[in-house]
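S.K.: Sharing the feature lines straight out of TrEMBL:
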type: TRANSMEM; residues: A:20-42; note: transmembrane segment
type: TRANSMEM; residues: A:54-74; note: transmembrane segment
type: TRANSMEM; residues: A:81-99; note: transmembrane segment
type: TRANSMEM; residues: A:105-128; note: transmembrane segment
type: TRANSMEM; residues: A:135-155; note: transmembrane segment
type: TRANSMEM; residues: A:167-193; note: transmembrane segment
type: TRANSMEM; residues: A:222-244; note: transmembrane segment
type: TRANSMEM; residues: A:256-273; note: transmembrane segment
type: TRANSMEM; residues: A:278-297; note: transmembrane segment
type: TRANSMEM; residues: A:303-321; note: transmembrane segment
Amino acid sequence: MTTDKLDATTPPRPRWTSRIDMPVATAFGCILVLLLIGSLYSPNFLSPEYLLQQLKVGAFLGVIATGMMLVILLGQIDLSVPWAVTLGAMMASAATAYGPMGEIFAIPFGVLCGVLMGLVNGIGVAYLRIPSMIITLAVNAVAQGLMVAYTGGFAPQDSASPAMRYLAAGSVLGVPNAVIVWAITGVVAVFLLGRTTFGRAIYGIGNKEAAAYLSGIPTQRVVMIAFALCGGLAAFGGVLLAGYAGKAAQSMGDAYLLPAIAAVVLGGTSILGGRGNYLGTIAGVILITLLQSILSVMQIAEFGRQIIYGAVIIVMLLLYGREKSGR
Amino acid sequence: MLLALAIFIIMFALYLANHPAGFTPNVVQTAANKGVLLALVAMAQTFVVLTAGIDLSVGMIFILANCLASYLLVGTPVTVALGVGGVLLTGLACGALNGLLVIYGRLQPIVITIATGAVFFGIALWIRPYPGSADGFSAELADALTGKVFGVFPASLLFLIALVLLVWLPFRRSVIGRAVYAVGSSEPAAYMSGVPVMRAKFVAYVLSGLFAAMGGLFMTFFTYSGEASLANGNTYTLSSIAAVVLGGVSLFGGRGSAVGAIFGALAFRAIGDLLFVFDFDPLWQPLFQGVVLLLAVSLGSARLFQVRNRLDLFT
């Protein structure tokens, strides 16, 4: 089953990834440094079990960051991820209350809710031309309001279905299922971005939307679909998280906004859109996961983690996330 | 801005008409105090938005100032004054950090302010792990600024008006103020015409930090305590953007004013309070405010109907 993982890290290479770009190399370099620091702290750090465990924890972020990457490649941003994650988790859990049929449809239902939420974002950005930052913040607020009113008013079922638990916490031949899910997501993303017209359109729009439009790309539809995918993937991440924790909880998605954006940007994807590849996002996700893990292994209090975490991200962005100078 | 003013007047009139106590100085005082809190944060957001940036750390600077003030406002008037100075300086420093990272780090404001927001929140959590206030918290200044002048007029509102007259209007007329607008309209054009682009951006971020800290200070005046609440910080960041949008400040930069943002903030607050007087379940309040926000930002899309050439959509 490790072949799936390999496929995700070594995609069928189109020419634009044939030379290693600097940000991705730097990101992998930072991973090595983190591993080194970790191994100085505890010898268990480099054991296969521990590393596999890290990949499993990182898989949730990996799925969420995949969606975020699609949107960032467009030169947009999705700030509705926190409540898309929570929405997916809660809706999938709530569906399990409706008997066996509910359990079967729990995962698709959770993801569908995320897709719908993403669709609202997408329509706002693509057709109403509202800045993505704003519409996604607003949709985030609405989703939060809906969930607060829903959970407060009706107290739904909040435990995950067996299928969700299996998908998130089970393992096949020693490889955690969550890692396999992330690998499959990654392979699909690499294929989508590198080998389909949809993927080329995303890069085109990220570079210059007007030019993409003039070359016959249905830019508005592509943008809308990308946002819908992002919402769906965030919700799927939430479904997995609910399966991992065994239940859905409010504000469980709050911890994923900065990591998702940071993972994508640290992976060398330009925040202005149009540049970046999935290999970088994988590096970014592992980087963030290791960082969080080291901070918790060192038993630093919550406030210290927030400070160090923010500071490290700023420093790494300064290292290689900068825009070109020159006006 | 006129829209925000109209919404505010209608909502506030509705609010007063349905409030059990009616139009009394006490009701106005409470409403003003809550409104001023958001208005200050909205003003903070305005400065940055005018440069076509965005500051997602205003809520966290607000929380940091709130926590810091709950320790520093103790003892004699002199030490309290020093405390106020310290809080404001901290806000300035936070804004300066954002500004430096955006200008010299050449990083996108949206990403960098999320990251600095995490740092600011971490510091707030460090100095105030549990909600509360220091022994000997001096309430005189707090009472003076949240009370009523001559028993009628809310002092906090006077403070806000003073800020507009003493800070915003001179800023608006100064070279640096005009530079902020110019940078927001078109940074390359501003640069080419010799506008001090970097200084304008820096001043905008610093003032943003300062006003957010003033908001946090008022929060302490209001509650006598500090609390490092992540949810509160996020709410204030979100509400500040909503207020700015409602108040007619263009998110693309270069258009709008802090006065508009103030009315936007007051209107947003009045909308939230309406639910309260109509006796809705408080659980519905976040949803209601979210929907209002969504409608407010969708209003901006009215521009679409003026587009003649589809290519104009992309510029």
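Our numbering is plain: 1 for the first residue shown, then up by one each step along the chain.
Cβ from N, Cα, C; glycine included.
How buried are the listed features, and what sits near them?
M.R.: Within its own chain, the transmembrane segment (A:54-74) is flanked in space by residues 81, 85, 118, 132, 168, 176, 178-179, 181-182, 185-186, 189, 193, 202-203, 205-206, 223, 226-227, 229-234, 236-237, 240-241, 244, 256, 259-261, 263-265, 267, 269-271, 273-276, 278, 281-282, 284-286, 288-290, 293, which lie at least six positions past its ends and keep a Cβ under 8 Å from the stretch.
Only residues 6 or more beyond the boundaries of the transmembrane segment (A:81-99), in the same chain, are considered here, and those with a CB under 8 A from a CB of the stretch are 64, 67-68, 105-107, 109-111, 113-114, 117-118, 140, 143-144, 146-147, 150-151, 156-161, 164, 230-231, 234-239, 241-242, 247-254, 256-257, 260.
Counting same-chain residues at least six beyond the ends of the transmembrane segment (A:105-128), those with a Cβ under 8 angstroms from any Cβ of the stretch are 67, 76, 78, 80, 83-84, 87-89, 91-93, 95-96, 135-136, 139, 143, 160-161, 163-164, 167, 219-221, 223-236, 238-239, 242.
Using a Cβ-Cβ cut-off under 8 Å and counting only residues 6 or more beyond its ends in the same chain, the transmembrane segment (A:222-244) has close neighbours at 59-61, 63-64, 66-68, 70-71, 73-74, 76, 78, 80-81, 84-93, 106-107, 110-119, 121-123, 125-127, 132, 160-161, 163-169, 178, 181, 185, 198, 201-202, 205, 252-253, 256, 260.
Tertiary neighbourhood of the transmembrane segment (A:256-273): same-chain residues 21-24, 26-27, 30, 60-62, 64-65, 68-69, 72-77, 79, 81-82, 85, 205-207, 234, 237, 279-285, 287-288, 292, 310, 313, 316-317, 320-321, 323, selected by CB-CB distance under 8 Å and a gap of 6+ residues from either end.
With a cut-off of 8 Å between Cβ atoms, the residues of this chain six or more beyond the transmembrane segment (A:278-297) that come close are 8-9, 11, 17, 21, 23-24, 27-28, 30-31, 34-35, 37-38, 41-42, 45, 54-55, 57-58, 61-62, 65-66, 69, 186, 189-190, 193, 259, 262-269, 304-305, 308-309, 312, 316.
Remote same-chain residues near the transmembrane segment (A:303-321) are listed as 22-23, 26, 30, 258, 262, 265-266, 268, 271, 287, 291-292, 295-296 (criterion: CB distance under 8 Å, separation of at least six residues from the stretch ends).
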